[in-house]
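Here's the structure we're looking at; comments come further down.
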Amino acid sequence: MARSQYIIDAVQIHRPQKYEPAQEQAPERKSIRGGLGISLGMIFLTVWAIIRYTSSSVRNKDLGNLFQWPLDYSIYYWAVQHVSEGHNLYGKNYIFNLPFTYPPFAAVLLTPMTLFDRKTLAVYWQIGSLLVFFAVIVGILRQRGYKWSFSLIIVSLTTVFASFNLSPVHGTFLFGQINIYLMGLVSLDFLRRRTSFGRGIGTSLAAGIKLTPAFSMLVFILERRWTALVITVVVFATTVVLGCVIIPDGARYWTHYMFNTERIGVQSNPGAQSLRGVLYRLNIDNQVTVWIALSIVIVLVFCIAAYGAIKRGNLAMAMCLSGITAPIIAPFSWFHHWVFLVPLAVLLIDAIMRGLTAPIGLIQNQRVRWSLDQVAGLCAVALVSVMYIPFVSQYSVPAFKHFQQNKSSDPAIIRGSFVYTGIAILVVVALWYSVVLVIDAIRGRDEQAASPENTWFGDGSGRNEKEPLVMVSRGQSDFREHEAWVYYGPDIK
């Protein structure tokens with residue numbers, strides 16, 4: 001190319017137009033590295049769960065046997081049948097001394113249950129939970145940029161069944177709880193593209209059914225997604241109005257029953273896994289004051305972690321962190337409320353795999369590289385499994401029973417391991433993203449310093465300052481597009 005052509009090119013792009021971010025595009029999809037290794041690890045855990053839960057030692061226990069009619073599901077069924085006959089929903093125990101504890105909109109939404117036989121519907125209820133669970137795991141992997149493949153399906157499927165070793169999942173299916181359906185509704189808002197229409201509807205419907213998911217609205221604030229926040233508030237308010245209008249004593253829930261947490265359970269029960277329950281069992285003085293103060297700190301830590309995740313484009317992480325923070329700070333939480341631990345585990349495995357496979361990618365031999373990827377997958381599953389020991393069901397591994405739901409005489413400092421581990425995860429993630437964002441900020445200043453408005457290579461650079469050539473290279477980091485500017489003289493070949 002002639003020297004004059006360099007000069008023309010330089011003049012043409014010497015004064016670039018103001019950069020406008022491109023419209024959000026679907027990320028380039030990739031295969032799951034180490035998918036076979038991850039699947040083998042999950043298959044091992046699945047086989048272990050099958051062996052344990054089909055054994056006579058577990059099936060003979062009322063709180064271990066998954067092959068019995070689910071208790072909480074039956075409460076939902078009898079409650080909506082009772083209210084459909086024109087009776088009040090609250091103030092009545094439906095099974096043993098257990099009342100209906102959810103907002104009135106939940107009963108409105110569950111009313112179609114009465115059209116079916118209770119036992120037949122119970123089977124479909126559990127199958128539906130499995131399908132929603134599978135869809136959430138698939139959504140997590142898709143949000144992290146993985147393409148549809150046989151490996152993705154197998155990893156998702158085995159993850160669902162391997163998670164039965166965890167107490168929250170075992171408890172959810174044991175009681176026929178609604179937790180996984182709520183997780184699916186929240187996921188509709190966070191596992192789609194950020195520009196998708198109707199964000200906020202899923203979270204608001206979930207909050208209308210059960211108040212705990214309302215905490216996820218904080219993620220919209222951190223994202224500055226004001227439209228999604230407004231939609232959430234409006235739809236949630238609509239669920240409140242509908243519940244009060246349709247359910248005879250619906251309004252009384254919001255003025256009376258909502259504040260009586262003992263209707264849900266007592267804090268002395270070792271299955272109560274919230275910060276307030278742990279403080280109660282530790283017999284801490286001024287428990288309410290301490291609980292409020294610590295909850296504020298925990299929410300601040302969550303905000304740091306979630307903000308970092310959002311900035312780095314990991315919206316699934318922000319969602320999962322909100323899903324474990326909510327039961328920590330709630331006035332009362334059962335152990336089976338912690339179902340977001342499973343998609344969080346998938347994200348942790350993904351993060352570990354990205355770290356382990358980065359140096360492996362430098363190896364030239366393809367077979368060696370593939371083999372090491374599978375080993376890394378196994379190691380990632382093993383590492384997260386060790387991290388999750390406090391959440392393992394005592395019916396899966398009896399040796400871990402002291403970590404959770406056992407005798408009330410066990411040391412409370414041990415039985416609060418759900419809360420302790422959840423807080424530890426929040427702190428570690430917050431610290432990680434704090435460091436990453438500081439590094440990003442430093443890199444951002446370096447990029448700005450190298451921009452054409454601030455830098456002009458010429459004097460002492462060995463280039464001819466009268467005939468500069470500006471080469472513009474655009475790239476994309478985890479959460480923002482950027483431009484790298486490099487200046488060369490006309491002697492480039």
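Numbering starts at 1 and runs along the chain as displayed.
A Cβ is built for glycine as well, from the same backbone N, Cα and C atoms used for every other residue.
Nobody curates TrEMBL annotations by hand; they come from automatic prediction.
Ranges compared are 91-109, 148-166, and TrEMBL records transmembrane segment for 148-166. The stretch that TrEMBL tags with transmembrane segment, taken from the ranges 32-51, 252-271, is 32-51. Taking every listed stretch (288-308, 315-334, 340-363, 417-439) in turn, the largest tally of C-beta pairs under 8 A with the transmembrane segment (32-51) is reached by 340-363. Where the transmembrane segment (340-363) meets the stretches 122-141, 375-397, 417-439, the count of C-beta pairs under 8 angstroms peaks at 375-397. Below 8 angstroms of C-beta separation, residues 29, 31-32, 35-36, 38-39, 42-43, 45-46, 48-50, 52-53, 66, 130, 133-134, 137-138, 141-142, 173, 341-342, 345-346, 388, 391-393, 396-397 of the same chain, each at least six residues beyond the ends of the transmembrane segment (148-166), sit close to that stretch. Among residues of the same chain six or more beyond the transmembrane segment (288-308), those with a C-beta under 8 A of the stretch's C-beta atoms are 218-219, 222, 275-276, 279, 317-318, 321-322, 325, 328-329, 423, 426-427, 429-430, 432-434, 436-437.
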